[in-house]
Amino acid sequence: MTIAIGRAPAERGWFDILDDWLKRDRFVFVGWSGILLFPCAYLALGGWLTGTTFVTSWYTHGLASSYLEGCNFLTVAVSTPANSMGHSLLLLWGPEAQGDFTRWCQLGGLWTFIALHGAFGLIGFMLRQFEIARLVGVRPYNAIAFSAPIAVFVSVFLIYPLGQSSWFFAPSFGVAAIFRFLLFFQGFHNWTLNPFHMMGVAGVLGGALLCAIHGATVENTLFQDGEGASTFRAFNPTQAEETYSMVTANRFWSQIFGIAFSNKRWLHFFMLFVPVTGLWMSAIGVVGLALNLRSYDFISQEIRAAEDPEFETFYTKNLLLNEGIRAWMAPQDQPHENFVFPEEVLPRGNAL
């Protein structure tokens, strides 16, 4: 006679059932992060496609911005709300639109809709990488790396306009609209001379350089056990085993630079560190611009240029260009302010 002693299995609740369904092995993994990711990504992308196809920016910027009005892929945009809307969330049922969808689109409600759903969609994608990394049993460095573009998006599209007078000063969602925003950043903030922008450029271009060098080096050092192997004959794209030589790569770069990465972990961490840190730094810089913190100011050069008509530097030239951008862009970009600049206040070069 056998007596089995044990606990009765606990009754499965709705959480366990939902957890099983969300984590089921399927073609497109859903997961708990998918509850945030998929609806937000769908609504953000759908809102952008709807706005660029049908919705005008006439009421907010005095511009045509949709395919329906004759724009193309590079010139369509979902524009920011009017300056008079301040930092209102512009909810469809809010006091501005009062449930009128057409009025909501005219006021720029699609922009806040896309910006907020886009931000949460990106966060959901990062959480998806965390979740799958945990289930697969790998480290979460992909998710950590993806925090960099999220930081840039949030700082540029949300934090910067929150530091200014309204959502109006954020970028509109479109290619040409982003270019206009870059000119705005340069003219009003001298962004290219900001050290955080410099670190961002160094990170992005440095990351691209590292990727090119790394890919080329791996291709250069492919090998195959056996005789007569060359780089192009040695490798089968479907083979399982690793077939490149870290030792050979180390020897090559040691001869080129006199220094080389000694192991793969440090090499790949550096490739992660450079672009991610650059993007984080640029995001910090944009937060500074939201607070209207200034870039480098070389006052001594400005004073000397003002006193001496023959003294000019690239720095003082750029300041004149920035003044020109402001003088042109403020009346064009903010027609509601009714700016009028007399001839005598417009920028001139020292030689004039």
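Note that Cβ sites are derived from N, Cα and C of the backbone, with glycine treated the same way.
The topological domain 'Cytoplasmic' annotation in Swiss-Prot covers 1-31, 132-140, 218-265, and the record cites experimental evidence as its basis. Under the heading transmembrane segment, Swiss-Prot lists 32-53, 109-131, 141-160, 194-217, 266-288. The feature topological domain 'Lumenal' is assigned by Swiss-Prot to 54-108, 161-193, 289-352. Here Swiss-Prot flags His117 as chlorophyll a ChlzD2 binding site. The annotation pheophytin a binding site is assigned in Swiss-Prot to Gln129, Asn142. Under the heading chlorophyll a PD2 binding site, Swiss-Prot lists His197, citing experimental evidence as support. Annotated plastoquinone binding site per Swiss-Prot: His214, Phe261, in sequence order. Swiss-Prot lists His214, His268 with the feature Fe cation binding site, giving experimental evidence as the kind of evidence.
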Folded-back contacts onto the transmembrane segment (141-160), same chain, C-beta under 8 angstroms, at least six residues removed: 115, 118-119, 122-123, 125-127, 129-130, 133, 169-171, 272, 275-280, 282-284, 286-287, 289-290
Spatial neighbours, same chain, of His214 (plastoquinone binding site) - Cβ under 8 Å, 6+ residues apart: Leu267, Met271
Range from 32-53, 109-131, 194-217 with the greatest count of C-beta pairs under 8 A to the transmembrane segment (266-288): 194-217
Between His268 (Fe cation binding site) and Gln129 (pheophytin a binding site), the C-alpha gap once rounded to whole angstrom: 18
Of the binding-site residues listed as His117, Gln129, Asn142, Phe261, the one whose CA lies nearest the CA of His197 (chlorophyll a PD2 binding site): Asn142
Folded-back contacts onto the topological domain 'Cytoplasmic' (132-140), same chain, C-beta under 8 angstroms, at least six residues removed: 23, 29, 31
His197 (chlorophyll a PD2 binding site), number of other Cβ atoms within 10 Å: 22
Listed binding-site residues (His117, His268), ranked by Cβ neighbours within 10 Å, top entry: His117
Folded-back contacts onto the topological domain 'Lumenal' (161-193), same chain, C-beta under 8 angstroms, at least six residues removed: 48, 51-52, 57, 60-61, 65, 73-88, 108, 111-112, 114-115, 285, 287, 289-292, 294-296, 315, 318-319, 321-322, 324-326, 329, 333
